[in-house]
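For reference, TrEMBL has these:
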type	residues	note
DOMAIN	1-117	domain 'DNA polymerase III beta sliding clamp N-terminal'
DOMAIN	127-243	domain 'DNA polymerase III beta sliding clamp central'
DOMAIN	246-366	domain 'DNA polymerase III beta sliding clamp C-terminal'
Amino acid sequence: MHVIVLKENLGKALSIVGKIVSIRPQLPILSNILLKAENHKLLLKATNLEIGMIYEVAAKIEKEGETTVPGKLITDFINTLNSDKIEIILDDKKLIIKTNKSHASFSITNPTDFPTFPSLTDQKKSLPIEKLKGAIIRTVFAASIDESRPVLTGVKTIIKNGKISLSATDGYRLSMDYIEIPDKKEDLNVILPATSLLEVVRAAQETKNEEVIFNIIENKNQVVFTLPNISIYTRLIDGEFPNIEKIIPQGFKTKVTINKEEFTRSVKTASLFARNAANIIKVKIEKQGIRLSANTPQIGENEDFIEAKVEGEVIETAFNYRFLLDLLANFPDDNVVFESSGSLSPGVFKPEKTNLSFLHLIMPVRIQE
């Protein structure tokens, strides 16, 4: 293998592919990136067995070939170089990377040990990436990071009746959103890993393409998202996702409309006094607004009132402030509508603008008076 490639292009590709290289891999080969030179391009491949990525880099190919090298080492090394062009040469038992001023060699591993990627099928769907990206960001943060319940680490993805619906929950909160698509005939119901969808978002931020190609590989239980120069392979999660329709309250006794910026400021202030009190802040809905408070005996206490539009009964409830801050950091509107049926009922949060489809639910914390 003999390749000449622009440093800028290779560095960008490594920075994206390198994010999925395993730090503590199940297999040693998974800490490597596969380099393959063919057809006027250099392919970079990486996988952690849950998600895989192929990145195509335009290059001058003097000689085709492939090998694998330690992913973190080559990424860090390329970032240190101060040169426009890089020459990569596979020389027997090592990989040589050089510029007009630098020279380095890397230990290599046989590429036949690297996991293979399945071939794409004809079952392709074209999805609007900008809208999809926003819906992903507004849902994945509610997914669990606890691998003991795999289904909760995923995002329920349903394509039906011209809509893509995304739902994620960790058992304490639920986030939902949907986008409309032109194709009314598509029908799909799967659970995709939240971490994989975040990689799709990161890759999409590197391209100005308006669409992403969604490819189903049923016999491998995988799907592939394809953008210009980037293909992201991810496994599907098996299992039964919670019946979220039963969780969402159908009515409410209290409705509050509050400015997002003011609400965020107040939650952040209360959080300073809640960090040593299980992250709990009290939320009291009054006639003229909302009162947030937190109390840690060893530290002190805080109380803050925000004017808001209130409809219905006066109630008092409590939430984990981290869940509120996660919600507000991803909220799509300037004003938050908060609905509740009582102190122990789920808090429902949605945009004031009725043309936005986002909905979020947080379970309250039971507190002793």
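Including glycine, each Cβ sits where the backbone N, Cα and C put it.
Unlike curated records, TrEMBL annotations are generated automatically.
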Please work out the helix, strand and coil residue numbers for the domain 'DNA polymerase III beta sliding clamp central' (127-243) from the DSSP assignment. 30 helix, 49 strand, 38 coil
How does the domain 'DNA polymerase III beta sliding clamp N-terminal' (1-117) divide up by DSSP, counting helix, then strand, then coil residues? 31 helix, 55 strand, 31 coil
